[in-house]
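A.B. asks: Sharing a structure here in structure tokens format.
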Amino acid sequence: MKFFTIATALVAGAILSSATPTPAPKERTLIHIPIEKKGASLTKPDSDQVDFGKVYAHLGHLRTKYEKNLDSFLANTGVEHPLRVAVPARKSGAKGKGKGKGKGQVPGKGKSKGPGTGTVPLTDVHESLWTGTLAYGTPPQNIKVDFDTGSADTLVIPGAYDPHASSTSVRTEQTFSTAYGDGTNARGTVYTDVLTIGGLKAAKTAIGLSSSRFLNSTAEGGNQGISGMAFPSLATFGDAYPPFFDSLHNAGVLSSFQFAFKLGSSGSHLYLGGHDPSDIIGAPTWLSVDSAKGFWQVPATADGYKDIESVVDTGTTIIVAPFFAAWGFFRSIGVETRIHDFVLFGAYDCAKPPAVSFTFGGKRIALDKEAMSIGKDDDGACLLSVIGQETGMNAWITGDALLRNTVAIFDRTNRRVGFGTRASGPQ
């Protein structure tokens, strides 16, 4: 009888247990982070004339970033990146040599045009960044950063993050140092802490706290750092400290291992965990990415010119091509070539802009009128937002000038980039 009583109780308990509903797992939803463009344009204050000092500063930062990316790739993988090319040394204070028509004159022939090198103010180094807010620490400390698909680390200026004010901060033995083209440096120590962004959390996420100020947050709309979203093989911090998006994925808080950028003069967003289908018309056009190369690198065609390799970079205001590739492209679209201090520009009549477009997997993306020019030269000609300069890579770095006319989707799971037709058109 005793055995019967125990058995009956066990059966009854099992029935009651099975009748109790299991709590549903917390739904992981698409997270959108509002972002806005911070920093001045590439023109002089209260003018539509190009400030070449700002352009050189932006290009100097870009070149340094990619040199560091390629060095990190070598350190992390043991092999040189296949896109790497040697860049000729440049003498300080040297001036460019030429101004030539796009219809046939080779750069380097003719009279020098434009200013010399000179010192560029710190306020001009990081130009026109797409900035949003994330937080590190317990309790969370809000930090405004530039979300950058062209790098893989989170670096912040002094005072942006206080490890002593966080109960979950851990100082690592990892240090970092990056020297920028204008003489400023980002150098300091890597910490790990709880990351919070859009309601998502990930513990032990790396953040590099610089002991030197590598950007001016006051002049740049409060921007306090850079947060990279490229692949981990480009991380300066090494494999042990992956990018913040990888930390979110490893924490299991993302609805999918995707993020997307919708950029424009208003309503700009970074989406974590996918993209918003209402932002695009139809299905995106997908292109495969070789994740082993670290960059969001895809094949493309510079329309009217030839096939190119494109690195999609939200941390870049303009489109930067290797010098002689830009020269060939300018010839093909019928614009005048101008050299300012070893940088190649395309000039055109502002009332008659050229047709500039790029094709990705059969999808044509054109530069709209607003994104076509960085401003005017001193004679009133418009200068194209495609610029020629050697960056150490045999690739075109395609930034904001192109991305404003599409919705760019970055898919880590399937190792691909998608380009969607904007439902609202360019903004």
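Placed from the backbone N, Cα and C atoms, the Cβ positions cover glycine too.
The signal peptide annotation in TrEMBL covers 1-19. According to TrEMBL, the feature region 'Disordered' maps to 89-121. Per TrEMBL, compositional bias 'Basic residues' is recorded for 92-102. Taken from TrEMBL, the feature compositional bias 'Gly residues' covers 103-117. The active site annotation in TrEMBL covers Asp148, Asp313.
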A.B. asks: Could you say whether, by DSSP, Asp148 (active site) belongs to a helix, a strand or a coil region?
C.D. replies: strand
A.B. asks: Taking the Cβ of Asp313 (active site) as the centre, how many other Cβ atoms fall within a 10 Å radius?
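C.D. replies: Step by step: centre on the Cβ of Asp313 (active site), count other Cβ atoms within 10 Å, giving 27.
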A.B. asks: If you measure Asp313 (active site) to Asp148 (active site) at Cα, how many Å is it?
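C.D. replies: Computed Cα spacing between Asp313 (active site) and Asp148 (active site) is 7 Å.
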